[in-house]
Structure formats: C-alpha cells, structure tokens
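A.B. asks: Structure provided below as structure tokens; questions to follow.
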Amino acid sequence: MAVTEDLKEQEETSPRPEEEKQKPQLWKWSVIFLCLYGFMAQLKPGDSFITPLLLSLEKNFTREQVTNEITPVLSYSYMVVLVPVFLLTDYLRYKPVLILQSLSHISVWLILLLGTSLLEMQFMEFFYGITMAARVAYSSYIFSLVAPSLYQQVASYSRTSVLLGVFTSSALGQLCVSVGEVSYGTLSKISLGFVIFGFALTLFLPWPKRSLFFNRKLQGPEEASPAEMDQMNHDCPQPTAAKTVSAWRNSVFFQMLKELLNVVRLPQLQVWSLWWIFNTAGYYLMVYYVHVLWNEVYPTIENKHVYNGGVDAASTLLGALASFAAGYVKIRWSLWSELVIGIVTALQAGLLIVMSTTSNIWVCYVTSALFRSAYQFLVPIATFQIASSLTKELCALVFGVNTFLATILKTIITIIIADKRGLALAVHPQFFVYSGYFTLLAVIYFGAAANVIIKHFRNEKPATLNQNGDIELCSTMMVANDAEKLTIGKV
C-alpha cells in the first residue's frame, strides 16, 4: 500500500513530456498576468489626496482629528493584522489574501465616498492597514510560479510593475486635479472603479500548488529549492495527529525559528536588520503625516493648487532611480556599512529639520522627495546584505520579523507622540521629534562606524610592522575573517 502511494506521488510530481513543453509558456503567462495585477492594484488616483479630502469642505474634519485620531489607526491596524496575514498568506497559498486585499481596497474607497463620521474614517484606516499588510502576498506569490533560477528576474519584474503603477496612479491623480479640475469626491469614484477592476483580476489569478512554509510537500522535484531546512528535517520523525507538540517542533517553520537564533549573531545581518527596524519605523511615520504637514504649510482651498500626486510621482521615480543606482555601489560593506548608513541617516535628519521649519511649500515638497529617495537607496543594499547568504525561506522569515518589529516601534512612537491619548502633538512638533529621532540614530551609526574602522586598522597595523613574510599570513587571516562574517552557518 505504501509503495502504491509512493508511486502515485511520483506520478503526480513528475512532469509529463507534454507538460514540460507547456511549462515555460505557462509560467511566463502567469508572471505577466500577476505583474498586470500588480500594476492595476496600484491604480488609485485619489490615494495621494486622501488627507486633502478629509480636510476639505467635502468631509470637513479638523487637522487635529486627522492628525491625532484618524491617521494613528493605520499604524495600529497594520500591527494587529501583520502577523496573521503573513501566516495566512503562506497557509492559504497567496490568492485568498490578495482577494482580501482587493476587498479591503474597495472598502476604503466606499467609506471615503459614503462615510461622514469620525468612526467611519477610523474604519477606513483600519481597512487601509489590511491592504498594506497584504502586500506580502503579492511580493512572495511570484516565487511560487517559477523555478529558483528565475527568482531574481521575476522579482525585478514584479517590483517594476508596482513602481510603475504607483507612478502612473500619482501622475494620473495630479492631472485629474490640476488639469481636469476634478473634485476629490469624483477622484474617489475613479479610484473605486480601478480597485473593483483589480478585484476582478484576482479571481483569475492562478492558484499556486506550493508555498514557502506550510505547503512545501506539494513542490515538484524540478521546482524545489535545496533549502537548508529540508536537510534539517530529513532525519526528523514524521509528526502524527496525536502528537501536536511534536509536529510543531518538527515543522519547517519551527526549525527556521531555531536557525534564526543562530544567524542573528552575524555582524552584517545585525547591522542591516537594525537599520531596517529603526529607519523603516521613522520613514513610515514621515510618510503617514507628510500630507498633513503640506496642508498646514500651504492650506489652499483650490484643489488645483494641491500637488500631492505630482510630488508622490516624483518621489516614486527618484526612489526607483536611487534603488537602481544602489546596485552599482561596490565597496567593502563589512567595513563601511555603518558609515554609509550614518551618512544617509544624517541626511534624512537634516531634511526633516528643514521640513519642520520651512514655510515654503516647494521646499517641503523637494525635501520630502529627497527623504524618501534616501531611504529607497538603502533598501536594495539592505535586502542584498540580509538575503545574499540565506535560503529564501529563512530570508522571508527574517524580513517578516524585521518588519513586525519596525511596526511595533512605529506604533509605540505613534501612541506617545501623535495619539490623542498620548502627547497629541500637532504635525510640526511631530516632525521636530522625528528629526531628533533620526539625529540620534545617525550619532549611534557614526559611533558604531568609528568602532569598526578603528578595530580594522588596529588589526592591520601588526601586519605592516612585520617585513619577514608575516604580512601575507595576516592578510590571509583578515580575508578569512571577512568571509566568515558574510557566511551564513551555525555559530
């Protein structure tokens, strides 16, 4: 009986000759369709104008209500749903979570069109938080469609389609407002139409047969990744229904959590994970409240003079260029990581100071675009430094944990600084606090950089003093040490 089941399994997992011929075309069309969905899901021309809509005569909320009661709900919602969505994404194999995301998008725009009370706007932010948490489904979905050798290629396609969608959406929204003189309400109706179309696309997305953690047994031998976790689980006893605890301990997810405790000791993983946690928290606090800041700096009544969409489009374009340029930066990251992070963080702190003090809206626009570009410059570097020596399963877990910790930190700062139950600061004082936060981070990074650089040159000094052949030995040891820092393994 067992032999028969094994034979059936082999027949199911082994591709037939005619299936092998169809596979290349199948995955190509699947990736194209998913990228089309990624582009269309970002088409919400009213997205850049949600804050102006709330503050306009159409909704008539006060700036204090938007700053201290409505916007903070986004952080709380995102934190609460992030972990469940992350686990459900893998367990349900992506597609149901993308459908949930589309339904949440529809809920956001329906509430913006029909809602009038403060509670309804808070629910709108709650659904917006679900849409943000569900982005993980799209970013990881594409890896279930192709072989590991194509991961880098298709990842660039999916990211490009999203960035292009954001740029098109922001530019379209700005053209509607400035050139077409479309009202914010009409813009919300256009956005609702686009997200309904995006929901229709999700219904036709292919349903993956496997995922990273919970559905790995469905992988075919041709598509399976030679992950470390598979090797770790090879000798583990098979879990039974009667031994739930044992089954959990032998699961891939639990094994990776144990492996995570080993890899966190690696210096480069620590540095870039800390950057991801602390700088991402500060970055999104700025993004959430910058539209309120613009409205306070330039409280125009005429919609056509509100350029939120244009600035968001320019920021997206600059961010994409910065990310592209980061790929060509070739330095010894084990030595210079902290210094580069410190310089970029200090630049962001300076930009936040300018934003919090200027009364010129164009200066505010430019500095906010530069701030976002500086962050986007480091994102691909951090991604590479964290992911270069990890399996894709462990990499997904590390990024998930980093994002969750950043969300917790962002929520704590929001409760203290922005929420009406905390200090309930107005938007300008908030940006002073954020500039101080980035200044403190920059000082810490510079201190860490000085420590790393001093240690490096101290270790080099003995080699320069010895002229009898010990230089080569010392250099070899230094290279070995650097290689050890960049190698992921059990410590």
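Any Cβ shown, glycine's included, is placed from N, Cα and C.
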A.B. asks: Tell me which of 30-52, 306-328, 352-374 corresponds to the transmembrane segment entry in TrEMBL.
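C.D. replies: It is 306-328 that TrEMBL annotates as transmembrane segment.
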A.B. asks: Let me check one thing: do the transmembrane segment (126-150) and the transmembrane segment (306-328) come into contact, meaning three or more Cβ pairs under 8 Å with sequence separation of at least 6?
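C.D. replies: Contact between the transmembrane segment (126-150) and the transmembrane segment (306-328): absent.
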A.B. asks: Would the transmembrane segment (430-454) count as touching the transmembrane segment (306-328), if touching means at least three Cβ pairs under 8 Å and pairs must be 6 or more apart in sequence?
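C.D. replies: These two segments do not touch.
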A.B. asks: Do any residues, 6 or more residues outside the transmembrane segment (394-418), come within under 8 Å Cβ-to-Cβ of it, and if so which ones?
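C.D. replies: Cβ under 8 Å, 6 or more out: 67-68, 71-72, 75-76, 78-79, 82-83, 86, 136, 140, 212, 227-229, 253, 256-257, 259-260, 263, 269, 273, 276-278, 280-281, 284-285, 289, 386-387, 424-425, 430, 433, 437.
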A.B. asks: For the transmembrane segment (96-114), what are the same-chain contacts with Cβ under 8 Å, counting residues 6+ beyond its ends?
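C.D. replies: Distant Cβ neighbours of the transmembrane segment (96-114) are 37, 41, 44, 46, 50, 53, 85, 88-89, 120-121, 123-124, 127-128, 130-131, 134-135, 137-138, 141, 185, 188-189, 191-192, 195-196, 198-199, 202-203, 205.
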A.B. asks: What parts of the chain pack near the transmembrane segment (70-89), using Cβ distances under 8 Å and only residues at least 6 beyond its ends?
C.D. replies: 54, 61, 96-97, 100, 118, 121-122, 125-130, 132-134, 136-137, 140, 211, 284, 288-289, 292, 400, 403-404, 407-408, 410-411, 414-415, 418-419
